[in-house]
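Peer 1: In case it helps, TrEMBL gives these features for our protein:
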| type | residues | note |
| --- | --- | --- |
| BINDING | His134, His138, His144 | Zn(2+) 1 binding site |
| ACT_SITE | Glu135 | active site, proton acceptor |
| BINDING | Cys145, Cys150, Cys169, Cys172 | Zn(2+) 2 binding site |
Amino acid sequence: MILIVPIGTVDGMVTEEIAKFVGSYYPHFGLTVEISDAIPPEPFLKAYNSLRRQFLGRAFLITLSELGRMRNARAVLGITSLDLYEEGLNFIFGLANSRLGAAVISTFRLRPEFYGKLPNRRLFVERAIKEAMHELGHVFGLPHCPKGECVMHFSNSIIDTDIKGPLYCPTCLRKLEKNLGVGR
Ligand SMILES: [Zn+2]
Ligand SMILES: [Zn+2]
């Protein structure tokens, strides 16, 4: 089971849209999807860097991993509207750790408004789904993919996210099947 965990106030629709997409895709690998109640953002406030005005991404993964273990989840995906960063990077759309079986994505930079564009719900949701599929791929051991259209392609900017699709390319799909023990 993949557990989806809203952290603090997340646009409820986006959580459900991600759960719907992942839940329609991952049964192929024998995994269902559940949404947990939202968890309070307070434990993560210590990850706040006041100079950067951002939150350290990896701090989220430990708590999420513990929650996943308690719920017997194979993987846990947190969704936050907080802006995340990692050392050496200006920002991150998301982060995953396969050993912890946990990932987190941030919706902060997915809204068209962030880039001075008009609001576009569909585009926002599409981007969130891609980031979710990408980080889950990492949780299940996939590295970045050189193919620009594959969801496992690294997004340096939102342009990369918009170019790629929401699905794994055949090469990544085969790896994923192998890692999750599906098929031959
Ligand atoms: Zn990545
Ligand atoms: Zn690929």
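Even glycines carry a Cβ here, placed using N, Cα and C.
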Peer 1: Of His134, Glu135, His144, which recorded positions come within 10 Å of Cys172 (Zn(2+) 2 binding site), going by C-alpha to C-alpha distance?
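Peer 2: For Cys172 (Zn(2+) 2 binding site), the recorded positions whose Cα atoms are within 10 Å come to His144.
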Peer 1: Taking the recorded positions His134, Glu135, His138, His144, Cys145, which residues show a Cβ-atom distance to ligand 2 below 6 Å?
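Peer 2: Checking each Cβ against ligand 2, the ones under 6 Å are Cys145.
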Peer 1: Would you list the other residues of this chain near Zn(2+) 2 - those whose C-beta lies within 8 angstroms of the C-beta centroid of Cys145, Cys150, Cys169, Cys172 - in sequence order?
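Peer 2: Along the chain, the qualifying residues are Leu142, Lys147, Glu149, Val151, Met152, His153, Tyr168, Pro170, Thr171, Leu173.
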Peer 1: Would you pick out, from the binding-site residues His138, His144, the residue whose Cβ has the largest number of other Cβ atoms within 10 Å?
Peer 2: His138
Peer 1: Among the recorded positions His134, Glu135, His138, which ones place their C-alpha within 10 angstroms of the C-alpha of Cys150 (Zn(2+) 2 binding site)?
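Peer 2: Near Cys150 (Zn(2+) 2 binding site), where near means Cα within 10 Å, the recorded positions are His134.
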Peer 1: Sorted by position, what residues of the same chain at least six away from Glu135 (active site, proton acceptor) have a C-beta under 8 A from it?
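Peer 2: Long-range Cβ contacts: Leu77, Gly94, Leu95, Ala96, Ala103, Val104, Ile105.
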Peer 1: Restricting to the chain of Cys169 (Zn(2+) 2 binding site) and a gap of 6 or more, list residues whose Cβ falls under 8 Å of its Cβ, or answer none.
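Peer 2: In sequence order, Cys145, Lys147, Glu149, Cys150, Met152 meet the Cβ cut-off.
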